[in-house]
Amino acid sequence: MAYQINLSLILVLTIVSVCLPWPSLSVDPTPLQDFCIPDLESKSPIINGFPCKKPADASSKDFFFEGLTKRGNEFDTLNVNLTQVDVFAFPALNTLGMSMNRVEFLPGGLNPPHTHPRATELSLVVEGKLLAGWVSTEYILYWKVVSAGELFVIPPGMVHFQLNVGEGRAQFYASFNSQNPGISKMAPTLFDSIPLIPDDVLSTAFNLNDSVIQLIKSKVAHLGR
């Protein structure tokens, strides 16, 4: 079955994930202790990570995460299910400089143009076929149709996307060299911010009438963030 991921692929992903946090690659500060299970309820200021609990208060269960044991069953309006494994979902990642996502696609599903402002993305396709692409600061599109077992990399901060071009479902796992890579989707950033960017700014930037900008804003608002 496609969902039964080959052991060799798991090994590749594990190696990738282990390699990312080293000081030469991680964009987060190097930890000064073995681990830092965060106190998410702390009122202390948050500076590049959450305050740590006392090591004596940590337990084995803090270092394990079961959120990827089942397939996603809720898909957004673009037919994508995102399971984030960042410091908010798996607190033990606090100060360790790494995280990951699982992204699942129904047929025709699109992970729309977006950026991760704080991390490089290295992803392993484990099911289906995806058209993956990113645009450089020179406005050059780099793209390829990637299949199960293939990897793709997105430099930090670059606008990128993935489209399911296969006949069935598709899925990939993304590793990041930050505990909180962040995500900024282009459509809601431009057309559904709070407060909204003024119409005349967008109409001038895109050389469109205000009525077209207002139509786009109404469509994007229904997509959600």
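Even glycines carry a Cβ here, placed using N, Cα and C.
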Notebook entry, point to check: Of the listed cysteines CYS19, CYS52, which one does TrEMBL record as disulfide-linked to CYS36?
Noted result: CYS52
Check: Residue counts in helix (H, G, I), strand (E, B) and coil for the domain 'Cupin type-1' (66-214), per DSSP?
Finding: 22 helix, 59 strand, 68 coil
Checklist line | Chain-internal residues, separated by at least six, CB under 8 A from HIS160 (Mn(2+) binding site) | finding: PRO113, HIS114, THR115, GLU121, ALA132, GLY133, TRP134, VAL135, ILE154
Notebook entry, point to check: To which of the binding-site residues HIS114, HIS116 does the lowest count of other Cβ atoms within 10 Å belong?
Noted result: HIS114
